[in-house]
Every structure is written in structure tokens, then in C-alpha cells.
């Protein structure tokens with residue numbers, strides 16, 4: 001080999017040696033098959049089962065919403081065909097059957113909320129108004145104790161509210177113009193569970209976005225004023241993986257949906273957000289019995305079950321806890337539904 005080719009040969013040998021060493025290091029860092037893997041725990045297994053249920057119900061929920069949209073589209077099409085002359089949109093509005101049920105958002109909690117929560121309340125009220133205007137059986141919609149921060153925010157960010165139709169916006173408290181015997185306050189703390197809606201009554205939804213700072217406030221207010229109270233029958237029809245907290249507009253929309261279908265389960269599953277992971281109670285019972293059987297089999301292999309028992313009241317993971325906090329920030333705890 002000539003002296004001119006020798007440096008090039010040495011350099012290429014060094015490069016090959018370095019590549020060989022890096023490949024050996026990568027191989028040594030990779031875990032061998034069967035090493036470093038722990039068997040799946042009971043809690044992880046339960047989380048996987050819940051996740052699977054949520055994924056399965058996603059398509060069902062999507063299908064229900066699609067069916068509802070198709071049903072309403074067909075109804076509107078039939079109305080258009082029967083009313084072919086004139087302004088069809090106005091004729092459709094005249095064909096709507098208005099419910100005599102009064103639905104009140106009680107805005108008397110203005111001083112208990114910061115501006116961020118007032119803005120969320122305003123958005124939920126806007127959603128309620130829009131849904132009621134589109135409904136086939138719209139309710140008699142009331143905003144009471146309207147003033148303070150809420151009115152100021154609406155004046156600044158939604159000046160068109162003064163032209164809203166089919167809504168009664170009053171600065172007075174609802175008790176000043178509605179008979180006490182006609183009032184029913186919807187509160188999760190009530191021991192009374194609604195079976196059906198009485199359209200001669202006035203149902204009150206607490207207009208409070210408080211992030212769980214004022215638990216039991218609406219129930220106390222209803223009791224102190226001698227007003228009837230009740231909770232929606234969510235627990236009778238639905239099992240949810242997340243906390244049972246509903247926004248004001250969700251409660252409002254569920255009532256609108258029930259007036260149309262007269263079916264609580266369909267109303268809940270049509271309106272509840274997908275992130276709630278809701279499943280029918282009968283399927284949840286089947287899943288629960290399956291979990292218990294699995295736990296008994298695992299307990300036979302692992303007698304130390306005290307660790308799982310002690311951790312049941314703790315968040316399953318930091319990510320889950322953060323997710324729950326995020327959900328709570330968007331919803332009113334006044335309208336939460338108990339187990």
C-alpha cells in the first residue's frame with residue numbers, strides 16, 4: 001500500500017470503528033425482551049375497561065345526535081312542503097308548539113362570582129336562548145335578578161340582547177311575580193327526583209358558576225324560602241366516568257329535549273358532552289359485575305388488596321386530576337347531579 005493511500009485507509013477504519021461502537025451502545029441500552037416490564041395492575045385494568053366503554057359509547061352518541069338532526073331536518077322539510085307560499089322560515093316559527101312550562105335562570109348570585117365566571121354565565125345564557133329559539137317546543141324563558149356584573153358584561157359584549165325575543169328579562173327576583181306554590185328549584189342536593197315535568201310549574205336553574213365554592217347554596221335558598229325543589233333523574237338512567245357536573249345550558253337543553261321526546265334517557269344521551277363518558281345504567285351494572293369478578297380472580301393471586309382499597313378516594317393520576325379541574329372550570333356546580 002502506498003504512503004498516499006495510508007491516511008485515507010486509517011480514517012475510514014476509524015469511522016467504521018465509531019459506527020460499530022455506537023451500534024453496540026444502542027443495543028446495550030435497549031431493554032431485552034421480558035426484562036423491565038411489570039404485570040398490569042388492577043387499577044390500570046379498570047382504567048382500560050373504562051376507556052374501552054367510553055370508546056364504544058362514542059359511536060352510539062354520535063349516531064343519536066345524527067338521528068336527531070335527521071329527524072328535525074325531515075320535520076322542517078315537511079313543514080316547508082306544506083307551507084310552500086310566503087316566507088317559509090316565519091311560517092315554520094308559527095307552526096312551533098310553545099310549552100306552557102316556565103324555565104327560570106336565577107341570576108341573584110352576581111356578587112358571589114368573579115368576572116371570569118360572569119363571562120361564562122353569559123355564554124351559557126346565550127346558548128340557552130339560541131336553543132330555545134330553535135326548539136320545536138320552546139319554554140317560557142325567564143332571566144330574573146338581572147343586573148350587576150352580568151348586565152354590564154352583556155351591555156359591553158352583546159348589545160343585541162335588548163332585542164332578544166321570546167324571553168322575559170327582569171331585574172326583580174322570581175318570587176316577586178311567580179306564586180310560591182308554582183316554583184320548583186332544580187338543585188342536586190334535593191332528595192326529590194323528578195319523574196316527569198309539570199308544564200304548569202316554573203322550574204328554576206341557579207345561575208351560578210362557582211367552581212364548587214358554594215355547595216348546597218341553592219338548596220338552602222329554596223328551603224329558606226319554602227320553595228319546592230327537585231333534581232333531574234340522571235342517576236336513574238346514566239352512569240358517568242367523570243364527575244356528575246352539568247353546565248346551566250346542559251340542564252336547559254335536557255329539559256327542551258325531554259319536552260320533545262318525553263324520554264329522559266334519550267334526552268340525557270343526546271345532550272351530554274362526549275367527554276363525560278356516559279353509559280346506560282344497565283350496561284354500567286354489567287360492567288361493574290364484570291369488574292368485581294375480575295377483582296376476585298386477581299385477589300386469589302394477590303392477597304394484598306389493602307393498597308387498592310386505600311387509593312380508591314385518590315385521583316387515579318395527576319393527568320386525571322388536572323382533567324377534572326379543567327372540566328369543573330367550564331361548568332356550574334349548582335346544577336351538578338348526585339350519584
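Any Cβ shown, glycine's included, is placed from N, Cα and C.
What you are looking at is a predicted structure, and each value in this text was computed from that prediction instead of being measured.
TrEMBL annotations:
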- 1-87: region 'Disordered' (REGION)
- 14-35: compositional bias 'Basic and acidic residues' (COMPBIAS)
- 61-73: compositional bias 'Basic residues' (COMPBIAS)
- 88-279: domain 'SAM-dependent MTase TRM10-type' (DOMAIN)
- 210: active site, proton acceptor (ACT_SITE)
- 279-339: region 'Disordered' (REGION)
- 283-299: compositional bias 'Basic and acidic residues' (COMPBIAS)
- 309-329: compositional bias 'Basic and acidic residues' (COMPBIAS)
- 330-339: compositional bias 'Polar residues' (COMPBIAS)
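Over all protein chains present, the Cβ of the residue listed as 'active site, proton acceptor' has 18 other Cβ atoms lying within 10 Å.
Counted with DSSP, the compositional bias 'Basic residues' (61-73) comes out as 13 helix, 0 strand, 0 coil.
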